[in-house]
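The feature domain 'GHMP kinase N-terminal' is assigned by TrEMBL to 78-161. Look at TrEMBL and you will find Pro106, His107, Gly108, Arg109, Gly110, Leu111, Gly112, Ser113, Ser114, Gly115, Ala116 tagged as ATP binding site. Among the features that TrEMBL reports, domain 'GHMP kinase C-terminal' is placed at 234-290.
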Amino acid sequence: MTDAAATAGTGVTPSLVGRRVQVKVPATSANLGPGFDTLGLALAHYDELEVSVPDAPVLEIEVHGVGAGEVPLDASHLVVRAIAHTFERAGVPLPALKLVAHNRIPHGRGLGSSGAAIVAGVMAARGLLEGVVDFTPDDLLEIATELEGHPDNVAPALFGGLTIAWVTPEGPRHKKLMVHRGVSPLVLVPEHEMSTALARSLQPESVPHEDAVFNVSRSALLVAALIQSPELLLQATEDKLHQHYRAEAMPETDRLIRALRAAGHPAVVSGAGPSILVLASDPSERADAIALVEAAADTEWQALPLAVDFKGATVVNAER
Ligand code: HSE
């Protein structure tokens, strides 16, 4: 990241009062079966946020939609923490803030809601600091990953499409790929939540070598299947690294995924669960998968047929 004010020779941060930005961030599904902590897909289902800098020392937060009445409305709000962290990393004092959030991404369901909140904060800060600090794509991914812990949700939330994310000694990196037009994602969302921390605690420290080789082969195949050969998606979404270790914490998810896969649908746990992602090859396959889940489920599941988002998070400067 570069200090544009310093580069311009002033070295002084201009007042940000009056600045206003609008941010839009997609939901994401991480892992996609074998690609644990690595692969992620951006989905056309969005949280939206407006952030402005008022001329008074306040922190005002309004939340509409998902999370209204539940999430904190103070400095511990995840979007505010992400804005504060980005300003700190940029070396600029945090100004007063007013936030208005319109949330649609379900919380605690494996659809990247915390990653979306973090990316919303990072992008809002980037917009507020336009002309003061320039952020590279690697800067944005690094700052978001510092808060999220792993890059597989924040990479597609930031950049859209299918992302491969990996970690280097210099920080996280990503490669964005376009998904084959035939891929028709379907997300099935249960009423109950799942804690990512609990899901991660169920995994062993080490895995058998043959299971690691199994996942290396399926992950490589999955990239080819998603960008070029959707007919390989059922085999390409097999996994031995995380889903069966976590199954006891989400038995209905596990049972429905087995039923969907037995019927030929490439179904996987979305992120840490408990939602299910079906990487269908056409809209009629989505209808079949929805009918199967309606017939087999013991509880209510919401079906969200979603397009792939190819743009990633956007920020628009609304006013100066
Ligand atoms: N890769 C992560 C996991 C995604 O499965 O734990 C959820 O944040």
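Cβ atoms here come from the backbone N, Cα and C positions, even for glycine.
Overlay of TrEMBL annotations on the structure.
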| residue | record | CB count, 10 Å |
| --- | --- | --- |
| Pro106 | ATP binding site | 21 |
| Gly108 | ATP binding site | 16 |
| Gly110 | ATP binding site | 30 |
| Gly112 | ATP binding site | 31 |
| Ser114 | ATP binding site | 20 |
| Ala116 | ATP binding site | 30 |
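Assigned with DSSP, the residues of the domain 'GHMP kinase N-terminal' (78-161) fall into helix, strand and coil as follows: 47 helix, 9 strand, 28 coil.
For the domain 'GHMP kinase C-terminal' (234-290), the DSSP counts in helix, strand and coil order read 30 helix, 8 strand, 19 coil. Excluding Pro106, His107, Gly108, Arg109, Gly110, Leu111, Gly112, Ser113, Ser114, Gly115, Ala116, which define the ATP site, the same chain contributes Ala27, Ile105, Gly271 within 8 Å (Cβ to the Cβ centroid), listed in sequence order.
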